[in-house]
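Taken from TrEMBL, the feature ATP binding site applies to LYS12, PRO13, SER14, GLY20, ASN21, GLY147, ASP148, ASP149, ILE185. What TrEMBL records for 13-21 is motif ''HIGH' region'. TrEMBL lists ASP135 with the feature L-tryptophan binding site.
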Amino acid sequence: MKSKKIIFSGIKPSGAIHLGNYFGAIRQWIELQKEYQGIFCIVDYHAITVDYNPKEMQARILGVAADYIAAGIDPKKSIIFVQSQVPEHTELAWILNTIIPIGELQRMTQYKEKAQKQQSVNAGLLNYPVLMASDILLYKAIGVPVGDDQVQHVELTRTIARIFNRKFGFVFPEPKVILSRGSRIMSLADPNKKMSKDLGEKHYIALSDSPAIIKEKIAKAVTDVGPQPTGGKKSPGVTNLFELLELMGDSKNVEKFEREYKQGKLHYQELKEILADDLIKYLTEFRKKREELLKDSKKVKKILEEGAKEAQKIAKETLKEVKEKMGLI
Ligand code: AMP
Ligand code: TRP
C-alpha cells in the first residue's frame, strides 16, 4: 500500500450528499482510487464549526459513509474513516496554527461568507482551513480532489507546508488540487449560487432522493424568465441543466437540445423530463446499495473502525517526524 502515492479528500456530515458533492468530488475519487491510495474522510470536526443538532450527528456520519461506499468507493482499496476517530488530526492542526499568520485565515472567502451569517464567530470557523491542511498533510497527500470552492483552502495548505518546511526542515510535499469537469454545480432554485446543503431542500438533489422528488425538483428548476433568447448565451439555470445532462453522459440528447436551443425551439420541459429520467436511472443502483448498507450499520461501523486504524498508522508516523523536527519529545 505504501508504494502508491496518496490522495486525500473529505466531506462534512452536515446533510445529505448532493449532485455537487458527487460531480465535484466523489466521482473523481472513484476513478483515482484505481491508481492511487485513496484516503477519504468524513470530516465531523469541520461540521461542528457551525450550529448543528448533536442528536442527528451519528446518523449523518453513518449516512455519509454509506454514501461513499454505495457510490463506488471500495473499502478494500481505499481508506474510509471518521476524522474525530484519529486524534492526530487535531494535534497537528494545533501545531500548524502556530505557524500560520491570522491574516491568511481572515482573507479566506469561505470564512468571510460564513462569518457574515453568524452573530458571533467561533474560533473554529477561522481555524477551519488549518484543520483541513492538517488532514491533508498528515498523510503527505500529493493530490486533493475537490470542487472549485475548496481551491483556496488547498492553496493555503501549500503555503502552510512551505512555511513548515522552511522553518523546521522538509516534511511535507505540497499537495496539488485535482478538479473535475463538474467542479461547480449550481443550485436548481437559484442558479447564481452553487448547489449546497445550506441553502435548503429545493436547491439541491441528494443522491438518496426518491424518483418522485427528483422529478419534482428538476421540474421546478429555474430556467429563463421570458422568451428563449435565440443565438444568445444561455442563462445560468439553463447552462446548469445542460451541464448535468452532459455529466450524465447523454451526448445524444445534449446535441439535440443544443441544436434546438440555437434555433430558439427548445422546450425546457422536455429537457427537464429527460434529465430527470437520466438521473433516476443513474441513481437507482446507488439508492439500493445505500439502503442495504444503512440496514447493516454494524458493517459500516466496522469499515470505519478499520479505516481509522489504517489511517492512524500513517498519521502517527508523520506526527512523530513533525515533533522530532520541532524539538518536541
Ligand atoms: P461539503 O459538502 O462542503 O463538505 O463539500 C464536499 C465536497 O464537495 C468538496 O470537495 C466541495 O468542493 C464539493 N462541492 C460542494 N458543493 C459543490 C458544488 N455545488 N459543485 C461542485 N462541487 C461541490
Ligand atoms: N473543507 C472541505 C469542504 O467544505 C471539506 C474538507 C475537510 C476537506 N478536510 C478536507 C476536503 C481535506 C479535502 C481535503 O468541502
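Cβ from N, Cα, C; glycine included.
All annotation found in TrEMBL is predicted automatically rather than curated by experts.
A distance of 18 Å separates the Cα atom of ASP148 (ATP binding site) from that of the residue listed as 'L-tryptophan binding site'. When Cβ neighbours within 10 Å are tallied across all protein chains shown, the highest count among the binding-site residues SER14, ASN21 belongs to ASN21. Closest to ASP135 (L-tryptophan binding site) in space, going by CA atoms and restricting to the binding-site residues LYS12, SER14, ASN21, ILE185, is LYS12.
With a 10 A radius on its CB, ILE185 (ATP binding site) counts 25 other CB atoms from all the protein chains. In this structure, ASP135 are the binding-site residues from SER14, ASN21, ASP135, ASP148 whose C-beta falls under 6 Å of some atom of ligand 2. Non-local neighbourhood of LYS12 (ATP binding site): VAL43, ASP44, HIS46, ALA47, each in the same chain, at least six residues away, with C-beta under 8 Å from its C-beta. Residue counts for the motif ''HIGH' region' (13-21) by DSSP state, with H, G and I taken as helix and E and B as strand, are 3 helix, 1 strand, 5 coil. DSSP assigns ILE185 (ATP binding site) to coil in the three-state reduction, placing it in neither a helix nor a strand.
A Cβ distance below 6 Å to any atom of ligand 1 is met, among the binding-site residues ASN21, ASP135, ILE185, by ASN21, ILE185. DSSP gives the residue listed as 'L-tryptophan binding site' a helix state. Ranking the binding-site residues ASP135, ASP148 by how many Cβ atoms sit within 10 Å of each one's Cβ puts ASP135 at the top. Averaged across the motif ''HIGH' region' (13-21), pLDDT in this predicted model comes to 93.
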